[in-house]
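Inspection log for the structure reproduced underneath, given as structure tokens.
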Amino acid sequence: MASGKVRCTRKLRSWIVEQVESGHFPGVCWDDAAKTMFRIPWKHAGKQDFREDQDAAIFKAWALFKEKHKDGDIGHPAVWKTRLRCALNKSSEFEEVPERGRMDVAEPYKVYRILPAGTLPNQPRNQKSPCKRSISCVSPEREENMENGRTNGVVNHSDSGSNIGGGGNGSNRSDSNSNCNSELEEGAGTTEATIREDPVFLEHQLPLNSDYSLLLTFIYGGRVVGKTQVHSLDCRLVAERSDSESSMEQVEFPKPDPLEPTQHLLNQLDRGVLVASNSRGLFVQRLCPIPISWNAPEAPPGPGPHLLPSNKCVELFKTTYFCRDLAQYFQGQGPPPKFQATLHFWEESPGSSHSQENLITVQMEQAFARHLLEKIPEEEKAALFLLQHTEQSPSALGH
């Protein structure tokens, strides 16, 4: 048997051909008679019928070949899969053939084409910086979208809107809205600078179609009385809809009993509360005279209560910080990141020793945050793990 050092200098192409020809790996076989395309089983590691010794065998073999895993070590099939996927997508000798793969069957598989020497894949592969190579390794299925639509991505969300007043006619906005707009514009530079500091992770975690819709939960006296989802970039929380010419969506509080104290408080809601949910995070602006305290990931230190100022835009949740904390959590370096913001409506301004229960509470969150934290696939978690190690060792995924 050749030494490990010799094996590591062999080409990925030769290794792949050898494994397909060997017949040792279930599901790994030629896809055409000319032996120019091959299949790789691609079952999700979280499936109940996942069999590591079969469904992950080829990926584990690649990890052993590259000396990234030793027999007896505790490894993760999703990490092994991501390593081989990265190697295939970085190589100029292979290209995926999506139309021949089947991901909607009991035994899903992908198909890759082995390109003749001297040819190029159908997708032009421009010379990439190390940063962009890392992006394509982490999320190759999104590479085309990111390369063709990068100006509409996370780094420059011109379509997401930074105005809490939304995308309607500016002439319909109040002066207070304009003030909030300018404050958001001032904060945009800081947010985008933070994004640029970690572009790889953000472009991976926040694809172009991320769901920034707003999830609202209304609570009266400690009891949930209603939930709704707002898909527009901004909205106004009101007691009753008005015939305003503004194009901003109006979201009504659930109707309590007319004699309840909650109704008396809602009668004072007046112009309501503006809420914006976009790629930068969650923002609110109090226009009503009701005292409102808030608790959110961006709350200042101290026990509070933290009161919303009148007619001033306040940032409750920042997507960049959430993604940073999410990566640390998946790497075992921190707790699950917080993503919920809470507004408490009071009959009178609460002090530091205020013990009276507030009558109205509104919980809000962005849909994408809960999705990433609770439902992100194991393969994506593995990609985050690999990303950090790739940045520490740029050649870790080479071949």
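FYI, residue positions are counted from 1 along the chain as it appears here.
Including glycine, each Cβ sits where the backbone N, Cα and C put it.
Features of the protein shown, as given by Swiss-Prot:
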{"type": "DNA_BIND", "residues": "9-116", "note": "DNA-binding region"}
{"type": "COMPBIAS", "residues": "120-129", "note": "compositional bias 'Polar residues'"}
{"type": "COMPBIAS", "residues": "148-157", "note": "compositional bias 'Polar residues'"}
{"type": "COMPBIAS", "residues": "171-189", "note": "compositional bias 'Low complexity'"}
{"type": "MOD_RES", "residues": "SER139", "note": "phosphoserine"}
{"type": "MOD_RES", "residues": "SER393", "note": "phosphoserine"}
{"type": "REGION", "residues": "118-189", "note": "region 'Disordered'"}
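In the predicted model, the DNA-binding region (9-116) has a mean pLDDT of 86.
The DSSP breakdown of the DNA-binding region (9-116) into helical (H, G, I), extended (E, B) and coil residues amounts to 41 helix, 17 strand, 50 coil.
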